[in-house]
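Peer 1: I'd like to ask you about the structure that follows.
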Amino acid sequence: MAERAAVEELVRLQGERVRVLKQQKASAEQIEEEVAKLLKLKAQLGPDEGKQKFVLKTPKGTRDYSPRQMAVREKVFDVIISCFKRHGAEVIDTPVFELKETLTGKYGEDSKLIYDLKDQGGELLSLRYDLTVPFARYLAMNKLTNIKRYHIAKVYRRDNPAMTRGRYREFYQCDFDIAGQFDPMIPDAECLKIMCEILSSLQIGDFLVKVNDRRILDGMFAICGVPDSKFRTICSSVDKLDKVSWEEVKNEMVGEKGLAPEVADRIGDYVQQHGGVSLVEELLQDPELSQNKQALEGLGDLKLLFEYLTLFGIADKISFDLSLARGLDYYTGVIYEAVLLQTPVRAGEEPLGVGSVAAGGRYDGLVGMFDPKGRKVPCVGLSIGVERIFSIVEQRLEALEEKVRTTETQVLVASAQKKLLEERLKLVSELWDAGIKAELLYKKNPKLLNQLQYCEEAGIPLVAIIGEQELKDGVIKLRSVASREEVDVRREDLVEEIKRRTSQPLCIC
């Protein structure tokens, strides 16, 4: 070992000698001679078996985003944020990790997906799993009883990723929540309205919002004979009905979770029903369900909800679906989930759901779990599944081979002749100071053709061209890249002319 260390030191010294000779521009023969000595010393060390080949990759379930992908994401975020603000929401932020005990016991069977951080000899911490539990902790800690907020941030789940379908271990959530004691179903209806506004604005296809109520589910489980201790675990089985058949769900309930087959059959009679307000009214007349206090409260609230949804003009987008369960433990009332619909293959067929793109519900007990005195703050909210939406938009753009601008540059400052760098720098500075998004090429004497080609590649709509004649006349030649038309604009009018020509709103994609 000591011998190897000695040889490594000789290699280092010889390497240094070679570098010095190269810096001193020594003769080629002298450098070759010293390089040969260096190689001879390196050969004594033999192959470096200890070093493993380093693979450059992102961790499983994560990805990088190119400028093109980020441009799409920013536009999607703009649509979502503008809707949240239109409805009067404030914005907050919370730490990316929480105390482990803050997150424990809030997610039912999904708790196993929480990322725990290594104990550093202090607090036990976990990466946040969603934005709802940190929000509830924030309310309790700050003794807030009333807020309408949105929060857009990354969350982490130790899930099996399906990256082509927008399912990752690190991903963004876009949450909107209303906390406070209000009259029934008014905030809930607004959350559904927001969900519909965002999905319509994004133009990603037809969608349907499934609605149910945890009280109806619990009442249904009770009258079907599900033991109280099995409510939550049976709930998570029912929640899989959008992905697998009833037979598979029934087998899980009976085989894995020990439910009696006749109880599972009774559940099946209910959870395979879906419809509108007429189904709510039908179940209000159900001889057994109508006798259950919880279910009756839930059905009464859903009837009221449909009245408000009709006033908001979105009732046709909503379906009361008894199979919707939302596996998270903290929901206490209305729950909802938006799914994109595939166009029917043949006339008369029902549209198929191709995946959840938004979800939410009412959670009136979560804040009370963190409050020392158990004071409850009723809450209702929604979360937009932006990663799924990004995947859909990206796939659509690739299919259309549509070009996406990755910058917002309005104008390139160019020169038609040599020795005009100073004039370009002065003009671009004037434009920046006036709030114009402008660029110039980082060359002293760029060719005009190269400057125009750069604009076409980057999607820059205008070129402000400086030439010797323009400087004498006190004008700038403004060229439209698309039409190739050129007009002389007085230098003092240039800013207003650029603003006028580039004021059109940008589309999502």
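Here, residue 1 is simply the first one shown, and the rest follow in order.
Using the three backbone atoms N, Cα and C, a Cβ is placed for every residue, glycine included.
Just so you know, TrEMBL annotations are computer predictions that nobody has curated.
Annotations per TrEMBL:
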BINDING   ASP130, LEU131, THR132, ARG157, GLN173, ASP177, ARG326, TYR330, TYR331  L-histidine binding site
COILED    390-417  coiled coil
DOMAIN    3-59  domain 'WHEP-TRS'
DOMAIN    37-393  domain 'Aminoacyl-transfer RNA synthetases class-II family profile'
Peer 1: So if I exclude everything within five residues of the ends of the coiled coil (390-417), which remaining residues of that chain have a CB under 8 angstroms from its CBs? That is, six or more out.
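Peer 2: Residues 67-73, 76, 164-166, 202, 204-205, 340, 357, 423-424, 427-428, 431, 436-441, 445-446, 448, 451-452, 454-455, 458-468, 477-478, 498, 502, 508-509.
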Peer 1: Taking helix as H, G and I and strand as E and B in DSSP, count the residues of the domain 'WHEP-TRS' (3-59) in helix, strand and coil.
Peer 2: 39 helix, 0 strand, 18 coil
Peer 1: Rounded to a whole angstrom, what is the largest C-alpha distance between any two of the residues ASP130, LEU131, THR132, ARG157, GLN173, ASP177, ARG326, TYR330, TYR331 that the record assigns to L-histidine?
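Peer 2: If we measure all Cα pairs in ASP130, LEU131, THR132, ARG157, GLN173, ASP177, ARG326, TYR330, TYR331, the largest is 21 Å.
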Peer 1: Give the residue from the binding-site residues THR132, GLN173, ARG326 that has the most other Cβ atoms within 10 Å of its Cβ, counting over every protein chain displayed.
Peer 2: THR132
Peer 1: Of all the binding-site residues given, ASP130, TYR331, which residue's CB has the most CB neighbours within 10 A?
Peer 2: TYR331
Peer 1: Quick one: mean pLDDT on the domain 'WHEP-TRS' (3-59)?
Peer 2: 83
